[in-house]
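Engineer: Taken from TrEMBL, the feature domain 'Lon N-terminal' covers 11-239. Among the features that TrEMBL reports, ATP binding site is placed at G392, P393, P394, G395, V396, G397, K398, T399. Positions annotated as domain 'Lon proteolytic' by TrEMBL: 653-713.
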Amino acid sequence: MAESVELPSRLAILPFKNKVLLPGAIIRIRCTSPTSVKLVEQELWQREEKGLIGILPVRTDSANQNTRVQGGSSDSHKLDTKKQNDVVHWHNRGVAARPLHLSRGVEKPSGRVTYTVVLEGLCRFRVQELSTRGIYHTARITSLEMTKTELEQVEQDPDFIMLSRQFKATAMELISVLELKQKTGGRTKVLLDNVPVHKLADIFVASFEISFEEQLSMLDSVDPKVRLSKATELVDRHLQSIRVAEKITQKVEGQLSKSQKEFLLRQQMRAIKEELGDNDDDEDDLAALERKMQSARMPQNIWKHAHRELRRLKKMQPQQPGYNSSRVYLELLADLPWQKASEEIELDLKAAQKRLDSDHYGLVKVKQRIIEYLAVRKLKPDARGPVLCFVGPPGVGKTSLASSIAAALGRKFVRISLGGVKDEADIRGHRRTYVGSMPGRLIDGLKRVGVCNPVMLLDEVDKTGSDIRGDPASALLEVVFVATANRLQPIPPPLRDRMEVIELPGYTPEEKLHIAMQHLIPRVLDQHGLSSEFLQIPEAMVKLVIHRYTREAGVRNLERNIAALARAAAVRVLEQEQVVPLNKGMEGLTTPLVENRLADGTEVEMEVIPIGVNSRDITNTFRIASPLVVDEPMLEKVLGPPRFDGSEAAERVATPGVSVGLVWTAFGGEVQFVEATAMVGKGELHLTGQLGDVIKESAQIALTWVCNKIQFV
């Protein structure tokens, strides 16, 4: 380490916010702001011989506090920041630093240039005048380092000699303690023998975690005797803190086994609180859990049980097997909405009927049954309601009907899917004796929705199965719910007997047309950021989609095909030549754009649309010459050739020996053609394929009927 450094009369200044670099210390920084990047690029990167830069501490204080950085008001240079309430205080003393390592990087995908610099502090300086060079600061400086003659005189001072011995003794004691703990002390001892003591003071203090004010005080200590005195105090304080930590560790290890790691950490925390004299129980997790349980307002019988469980938990050690499951159980009881309920609105049957009609087209009998259910509930609110089960093919509106019931009652809605559930513990919950036990889906749904009176929908009750882990359908006998299913046959008879089945058979083509025009098309356009100004689908085209591309009981495939048309229209909107740029015509948005200037005065290269702006508002900034009207050629281009031909049945039935049959499925049903061909044989019947018993019996009956006809003829 050099004894003296020749400083230029002017240095580029890199501000350190609430941080101080001391001489002899090495620090690595990453420059990302435009100001620091420009400084490093011009002062260090582009120069063949890397020069010096100045590191100046900076502190931001509130303007109304009238605080000053140590050094006096005449030495502080104030700059107003972007916020009017803050004032930047530049310290009047800094440290000249030289780069030991310099690397350049480019962030992707923004392309922003960044620099990583490793700096070594060299010597102190005083700021005489602070000015700007482009977007960064420079300063006219004078060195604060002593000359060689002055330093030799100080080293002969008896007070300095005494302070030096005291500092070295304290530093050696600290190094010995650290060497025992971390096995690292050899290089530090070399520093004690070879580096001047006034430089050692800065090096040692730079390695400690001290406050910003203490760092500034050390930086301002130009006199070596003052510097040694402060450094000795800080080194001794650090040594004492290590000894206190060792005392706590020895106290705890004498009481516990080393294998109890988790319990050891908790005992260390308690010992630290005792050493600090802080025995505040507010930080105790179990005390916080107890307060949470009290605020949950449980029923009296539940509270007695929970309080007894809490007393047992307090006596347990965290490493005991049942500790975690007991705690999770109590946290669940505290999280359940025992007294939180949805405020039901005044039930209006006309409003409920209007809501059902707006959400669903057709389904007259189904909606009438729901209105009857609501009417009975209004006359007798405490009546035990029926267990409604909506049965029908996918896509006919079973789940949305349950959501409409919740909206009519003014309650929250929660959907629980039972598809694929084979363990009855998923319904009832696991026993607490099991590792990783969890509550059932019903309790988890109550916890998630946050009220004790939601409308709970158990979806796909026919998809549950049973195996060695139990029968989930049997567990459902204990609860009251609104359920949906595709088929009734898989539902066990005891469970089916408790439910009132409401069948939703499917929609006719006319009903599908109304649903598409009133519900599906507006919803799809909104989901794709479009409106009728961009895409129009006539009724005739919707009919073609229904007859040629979909053959289902519900309307899900119909919605998917309409969505395909919307995606094609979105591509055309963005390919139009008359598109207005996104940064034009945005004045109509209710949410303002972000400010177009950064704190350092540089321009923003792009405008950012804030979160909360509706996709429809963004789309309205585009203008096209005319809306896209879907026609038959576009249908075939987007959806492909027709999948179904309505003339197929007429052509097949006109052929002799062909009969039409209807096959029932869970998805609505299919039309099948049965063909018979006259050929020479012995009159035997061979059936191939995986046919059910009913089909086999039907084939035998048909053969018997034909044989009897032939005999009579």
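Using the three backbone atoms N, Cα and C, a Cβ is placed for every residue, glycine included.
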Engineer: Tell me which residues of the chain lie with their Cβ under 8 angstroms from that of T399 (ATP binding site), as long as they are six or more apart in sequence?
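Structural biologist: Long-range Cβ contacts: R415, L457, D459, T484.
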Engineer: Going along the chain, which residues six or more apart from K398 (ATP binding site) have their CB under 8 A from its CB?
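Structural biologist: Spatial neighbours, sequence-distant, of K398 (ATP binding site): F390, V391, G392, T484, L504.
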Engineer: Which residues, same chain and not among G392, P393, P394, G395, V396, G397, K398, T399, have a CB within 8 angstroms of the centroid of the CB atoms at the recorded ATP site?
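Structural biologist: Leaving out the recorded residues gives F390, T484, L504, A553, G554.
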Engineer: Let me check the 10 A CB neighbour count of V396 (ATP binding site). How many other CB atoms are there?
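Structural biologist: Here the count is 28.
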Engineer: Which has the fewest other CB atoms in a 10 Å radius around its CB: G392, P393, P394, G395, the listed binding-site residues?
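Structural biologist: Result for the binding-site residues G392, P393, P394, G395: minimum number of other Cβ atoms within 10 Å at P394.
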Engineer: Measure from the Cβ of G397 (ATP binding site) and count the other Cβ atoms within 10 Å, all protein chains considered.
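Structural biologist: Total other Cβ atoms inside 10 Å, all chains included: 24.
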Engineer: List the helix, strand and coil residue totals of the domain 'Lon proteolytic' (653-713) as derived from DSSP.
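Structural biologist: Counting residues per DSSP class in the domain 'Lon proteolytic' (653-713), I get 21 helix, 12 strand, 28 coil.
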Engineer: Pop the mean pLDDT for the domain 'Lon N-terminal' (11-239) in here, whole number is fine.
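Structural biologist: In the predicted model, the domain 'Lon N-terminal' (11-239) has a mean pLDDT of 79.
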